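J.: I'd like to ask you about the structure that follows.
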Amino acid sequence: MTDSVIYSMLELPTATQAQNDYGPQQKSSSSRPSCSCLVAIALGLLTAVLLSVLLYQWILCQGSNYSTCASCPSCPDRWMKYGNHCYYFSVEEKDWNSSLEFCLARDSHLLVITDNQEMSLLQVFLSEAFCWIGLRNNSGWRWEDGSPLNFSRISSNSFVQTCGAINKNGLQASSCEVPLHWVCKKCPFADQALF
């Protein structure tokens, strides 16, 4: 027996021939996305993050009625924003006139309450301790803006109690020389009227 070697030539189709014969070639899962696809994804993610931050800021500063956030540009630090006004609740105590001077020095005024809704809101933030507000008895109880007290009553037990104060339970008359906390009120922007 002789050893004989048989050679055979195999002709395998090329990739383009196989694609033509069997339809479109499917990309394998290991193929890389193109550079432009990566850039588009990165820009989309960046846009989503920026929109989320903007939405968060809007909700924090505008969406709620009151806020103590430092990022709200319309009120100074340590002032609380509610509606269209900023409120400052003091931590120290002064007499009524010194409290008024403190507020005026900050382009604000002692609190003038415009309605029961505002009064109810502010009482949530107050304790048993009384705070000076912009209310005085000069031939009748009047706010610092000149308007009369007409939506609430004020408790008084002496004719020397001519300045108004507020705590979580309501309005109270007090002697103007008593040192109390105070509440200032101002518009968020300096170019608006104080009252």
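Including glycine, each Cβ sits where the backbone N, Cα and C put it.
Just lifted these from Swiss-Prot, have a look:
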DISULFID  Cys75-Cys86  disulfide bond
DISULFID  Cys103-Cys184  disulfide bond
DISULFID  Cys163-Cys176  disulfide bond
DOMAIN    82-185  domain 'C-type lectin'
CARBOHYD  Asn65  N-linked glycosylation site
CARBOHYD  Asn97  N-linked glycosylation site
CARBOHYD  Asn137  N-linked glycosylation site
CARBOHYD  Asn150  N-linked glycosylation site
MOTIF     5-10  motif 'ITIM motif'
TOPO_DOM  1-38  topological domain 'Cytoplasmic'
TOPO_DOM  60-195  topological domain 'Extracellular'
TRANSMEM  39-59  transmembrane segment
J.: Can you figure out which of Cys103, Asn137, Asn150, Cys163, Cys176 (the recorded positions) comes closest in space to Cys75 (disulfide bond), comparing Cα atoms?
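T.: So, spelling it out, the nearest of the recorded positions is Cys103.
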J.: Please report the DSSP secondary structure of Cys86 (disulfide bond), reduced to three states.
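T.: Its secondary structure by DSSP: strand.
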J.: For Cys75 (disulfide bond), which of the three DSSP-derived states applies: helix, strand, or coil?
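T.: Where Cys75 (disulfide bond) sits, the three-state DSSP reduction gives coil.
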J.: Please list residues from the chain of Cys86 (disulfide bond) whose Cβ is under 8 angstroms from its Cβ, counting only those at least six apart in sequence.
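T.: In sequence order, Ser74, Cys75, Pro76, Trp79, Met80, Ser108, Lys185, Lys186, Cys187, Pro188 meet the Cβ cut-off.
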J.: Please compute the mean pLDDT of the model over the motif 'ITIM motif' (5-10).
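T.: So the average pLDDT across the motif 'ITIM motif' (5-10) works out to 69.
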J.: List only the single closest residue to Asn137 (N-linked glycosylation site), chosen from the recorded positions Asn97, Cys103, Asn150, Cys176 by CA-CA distance.
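T.: Nearest in space to Asn137 (N-linked glycosylation site), counting only the recorded positions, is Cys176.
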J.: Check the Cα-Cα distances from Cys176 (disulfide bond) to the recorded positions Asn97, Cys103, Asn150, Cys184 and tell me which is shortest.
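T.: Going through Asn97, Cys103, Asn150, Cys184 one by one, the closest to Cys176 (disulfide bond) is Asn97.
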J.: With Cys163 (disulfide bond) as the reference Cα, tell me which of the recorded positions Asn97, Cys103, Asn150 is the closest one.
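T.: So, spelling it out, the nearest of the recorded positions is Asn97.
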J.: Which number gives the other C-beta atoms within 10 angstroms of the C-beta of Cys75 (disulfide bond), all protein chains shown included?
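T.: Here the count is 23.
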J.: Measure the Cβ-based neighbour count of Cys163 (disulfide bond), defined as the other Cβ atoms within 10 Å of its Cβ.
T.: 25
J.: C-alpha of Asn150 (N-linked glycosylation site) to C-alpha of Asn97 (N-linked glycosylation site): distance in Å?
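T.: About 23 Å separate the Cα atoms of these two residues.
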J.: Within the topological domain 'Extracellular' (60-195), count helix residues (DSSP H, G, I), strand residues (E, B) and coil residues, in that order.
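T.: Tallying H, G and I as helix, E and B as strand, the rest coil: 24 helix, 43 strand, 69 coil.
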J.: If you measure Asn97 (N-linked glycosylation site) to Cys184 (disulfide bond) at Cα, how many Å is it?
T.: 13
J.: Whose Cβ, among the disulfide-bonded residues Cys176, Cys184, has more other Cβ atoms within 10 Å than any of the rest?
T.: Cys184
